[in-house]
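Per TrEMBL, the features are as follows:
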- 6-13, 132-139: ATP binding site (BINDING)
- His156, Cys166, Cys168, Cys173: Zn(2+) binding site (BINDING)
Amino acid sequence: MGKGLALDIGGTKIAAAIVMESGVLANRQQIATPRGDARQLSAALETVIAPYRHQVDFIAVASTGIISKGLLTALNPANLGGLADFPLQDCIQSIADLPCVLLNDGQAAAWAEYQLLKEQCDNALYVTVSTGVGGGIILNKKLLVGNGGLAGHIGHTLSDPLGPLCGCGRRGCVESVASGTAIGAATHGWAQPLSAAHVFTMAREGHTPAENILHRSATAIAQMLADMRIALDLEQAILGGSVGLAEGYLERVTSLQTDLPDIYRIPVQAAYHQQDSGLLGAALWARAIL
Ligand SMILES: [Zn+2]
């Protein structure tokens, strides 16, 4: 298949890199995701893709949101300016007329992480806890994409029916309780509202209210992992994202799992690939299906 151009379209940045046949990433660059409409996203994609278009044989895209039949729809309108049915595949192919494969970013990251686990297990879940909560599911060694592109959106499973309203429109999703955004939002009533990173610092210094916020977030993730384990008979979970990989967070999740009956517990390990998992996973997926 030769070299591919991998793109990772997130809520805050669009990253691009050439992915060599060996899997090595080269010429990585990124720009801020435009805070606007479809026309601005098209222009941003043109800026990112144009310099690479004569250097690669295919394009592989990992994107936040729901990817279905070549279209991109933001599940949480706070991301991507609430885009709906954006013709992502057509837009990219009008910039560079190359074979193009699209995948949700959580699904792409799950596929990249699973390559390191495929000798050890058949069924796994990747979870990213960051600005939002996303994920991807591997069942019987295959990436679950779904006919509508929804598979793996575990951030929008229920954590607390009386919890905060989620950006997707439902109340009490895991994302609305556990994400970095939710951790920051939980301090909005404080004299000095904090970012998620500051909540971690305060908790480390023994600040009980900060500790309680992190406990609530980790509990939501531990319970969601238990639900997914019992629903799908999963064997391994992988935790990534800026909150998921923050000091002490994985240990909180695994320790909360020990309160559960044995059958609900699942081994959890830290994600290996960090900010490049979407790029790498999309490229690996494209090579597998093109
Ligand atoms: Zn939601």
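Glycine residues also receive a Cβ, built from the backbone N, Cα and C atoms like all the rest.
Feature map: TrEMBL annotations on the structure.
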| residue | record | Cβ within 10 Å |
| --- | --- | --- |
| Ala6 | ATP binding site | 30 |
| Asp8 | ATP binding site | 27 |
| Gly10 | ATP binding site | 21 |
| Thr12 | ATP binding site | 12 |
| Gly132 | ATP binding site | 30 |
| Gly134 | ATP binding site | 29 |
| Gly136 | ATP binding site | 31 |
| His156 | Zn(2+) binding site | 21 |
| Cys166 | Zn(2+) binding site | 25 |
| Cys168 | Zn(2+) binding site | 18 |
Cβ-Cβ under 8 Å from Ile138 (ATP binding site), same chain, 6 or more residues apart: which ones? Ala110, Trp111, Tyr114, Asp122, Asn123, Ala124, Leu125, Tyr126, Leu144
Using a 10 Å cut-off between Cα atoms, which of these binding-site residues sit near Gly134 (ATP binding site): His156, Cys166, Cys168, Cys173? His156
Listed in sequence order, residues with CB under 8 A of Cys173 (Zn(2+) binding site) and six or more positions away: Val133, Gly155, His156, Thr157, Leu158, Ser159, Gly163, Cys166
Note on Zn(2+): the CB centroid of His156, Cys166, Cys168, Cys173 has further same-chain residues inside 8 Å, namely Leu75, Asn76, Gly155, Gly167, Gly169, Arg170, Val174, Glu175, Ser176
Collapsed DSSP category at His156 (Zn(2+) binding site): helix
Once DSSP output is merged into helix, strand and coil, Gly134 (ATP binding site) belongs to strand
Among Ile138, Cys168, Cys173, please name the binding-site residues whose Cβ is nearer than 6 Å to ligand 1. Cys168, Cys173
Whole-Å Cα distance, Thr12 (ATP binding site) to Cys168 (Zn(2+) binding site), is 18
Under a three-state DSSP reduction, the secondary structure at Cys173 (Zn(2+) binding site) is strand
